[in-house]
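Features of the protein shown, as given by TrEMBL:
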{"type": "BINDING", "residues": "GLY480, GLN481, THR482, GLY483, SER484, GLY485, LYS486, THR487", "note": "ATP binding site"}
{"type": "COILED", "residues": "102-176", "note": "coiled coil"}
{"type": "COILED", "residues": "260-381", "note": "coiled coil"}
{"type": "DOMAIN", "residues": "395-731", "note": "domain 'Kinesin motor'"}
Amino acid sequence: MVGTANNGRMRHEFSVVNVEEEVGLNSVPPSNAGSEYGGFEFTREDVYGLLNERMKYKNKFNYKERCENMMDYIKRLRLCIKWFQELEGGYLFEQEKLQNALDFTESKCAEMDLILKNKEEELNLIIVELRKSLASLQEKLSKEESEKLAALDSLAREKEARLTVEKSQASLLEEQGKIQGELQSANQRITSVSDMYKLLQEYNSSLQLYNSKLQTDLDTAHENVKRGEKEKAAIVENLSTLRGQCMSLQDQYNSCKASVDEVAKQKDTLVNEVASLRAELQQVSEDRDGLLLQVQTLTAEVVNCEELVEKSNELKEKCLSQSNQLRTLQDELEATQNKLMASDLSVFETKTEFEAQKKLISELQNRLEDAELKIVEGEKFRKKLHNTILELKGNIRVFCRVRPLIPEDNPGSDGKVVSYPTTTEALGRAIELTQNGQKYSFTFDKVFMPDASQEDVFVEISQLVQSALDGYKVCIFAYGQTGSGKTYTMMGKSGNPEQKGLIPRSLEQIFQTRQSLQSQGWKYEMQVSMLEIYNETIRDLLSTKDSSRTEYGSNGKQYAIKHDANGNTLVSDLTVVDVCSTREVSFLLDQASHCRSVGKTQMNEQSSRSHFVFTLRISGVNENTEQQVQGVLNLIDLAGSERLSKSGSTGDRLRETQAINKSLSSLSNVIFALAKKEDHVPFRHSKLTYLLQPCLGGDSKTLMFVNISPDHSSSGESLCSLRFASRVNACEIGIPRRQANMRSFESRLSLG
């Protein structure tokens, strides 16, 4: 029962299975008709049926029949994997096509945005011109208003003069009552004219207010144009209201013009009446010589009236000029309205085209998401088939991780030491190392480049960690030369959550999954132990006694390694701690890291001088089904191999280096014996190999991280590490067995 990672992240796709008989995929989408396996097509039911198929044997001791059935089953699995690879190639090609279409549509959208920006700039220029014309018209209106006020003042003065003349004539011209009445009627008409002028003044003030309103509307229109496409509709509405106001202004202007025409007619009648009065006055002057002086004064007043008529003519001319200016303004407004209508049409067209392109982009994105989901689903099936084949073969999985270059490294003059093939088969699985001009190629289950994060590495092993909760024995260990990043891979960097190593991340996932499985009736108990092998001596890193370390351990105890009949490994007198949360385990990890043996060499400032072994024993019971599982998770950080000529070790460091190299050499001998399938495997030659015996030769799920350095001066050690990892990957250790339906879990921890 292999679970999924609780963090829900997608894992990067594996490449094809490392089998010599496989052929490369074409870069173009495969078709069933032209491929080697074109006659076969698998459905989900076929794949699940193939994975869940159980071997049936007529005679369980007929190993030849069992091998033939197993080979046939593996061939069908390879055929299914080939079909998934061809399907994956088609999905990748379709994804590339969709990505190209998406780029094309995005470029079109960028062009449309440029067109919209140009249109917006043209509208801004038009609005600036309208502002300038309105400012000039406002200045002209203010000047005309001042002139009209001066004319009204002069009319008021003349009205007062007429009233005084009428009072003086009332006593002297009793016989000229009719003439006085006519003069009074004339005065009334003049007052009506003055009232008309007042109305014109009020109309001019309303025009000024309206112009100020137009100015504010234009300001708001300018701001709305800058806001974008959504507020253009508001601008169109403001323009429509402006259109209506212009129409109302035109109607008011027409009415004003008609009233001015009436005033002009009244002035003409007044001129005629004045002329008739002048003739009558001349006749009266002939009849009445005594009243000659008074008639002369009246003629002077008539002259003043003529001056008023001239002034009224001047006002009429000014009104005509204002009407012409209003006409020109109206023509300019109509021209700007036409320009705005044309720009609105172009904006509408571009907007519709933009909406169409937007719909096309959304459709392409949906198709791209569907293709990615299909690729992810196919990758999950492929990984499951790949894991099934590895479990059937019983091989140790090997991941390779290359650490980044640091300032102390020597890049060398020959170029990069490490390179990564980019072919479809080798992508993410192959690595090439160059030494003395010769290139060496290796292929593993996964290769992590220097830019791979701790999260990327953990995603690839999360399902393996999950197997411990499902009742399997799981072992993950890091191997490599000193300074290649083994401790960073396993433990990470304290104080930085993003750089946490595999051990703290594995514990977080296990406790999170434990919490989520409680709803299904599962209850788990967990125990932790930590030890180190220093100079072929086992040390308990969780011991609470502070006595000085001796050659047998941290407190004088001699820890013995024992194997039971079930394939479990027990370490006598080892401290075992019950844990219930990630915080408790983190505290124990900090305690163990402070107690671990660390030293400084010429190759590494903080070199681990011992093999660190972290063990988590898991016992689970399902209260609903009464099923019981028992799993073990072993996470091991091996000490780094080093050459005495480079490390410069002396004294205690020399003895440590010799012990480390001896134990790693014993591990290499065990791997050679397993690869050759020898009858005797020398597990007892060192404490490390004897402790790892269930992981290397039993029914455990085992994964090795080989850490290498891209430093040019370390190319020899890196080549040795890669060769050793390649031999480890070829070893068959047996099919993993799930431990279920067993008795209650023993209090002591074992290494599985």
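Even glycines carry a Cβ here, placed using N, Cα and C.
Owing to the predicted nature of the structure, the values given are computational and were not obtained by experimental measurement.
All features noted in TrEMBL, drawn onto the structure.
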residue	record	Cβ within 10 Å
GLY480	ATP binding site	28
GLN481	ATP binding site	24
THR482	ATP binding site	24
GLY483	ATP binding site	25
SER484	ATP binding site	29
GLY485	ATP binding site	19
LYS486	ATP binding site	27
THR487	ATP binding site	26
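Model confidence over the coiled coil (102-176) stands at 80, taken as the mean pLDDT rounded to a whole number.
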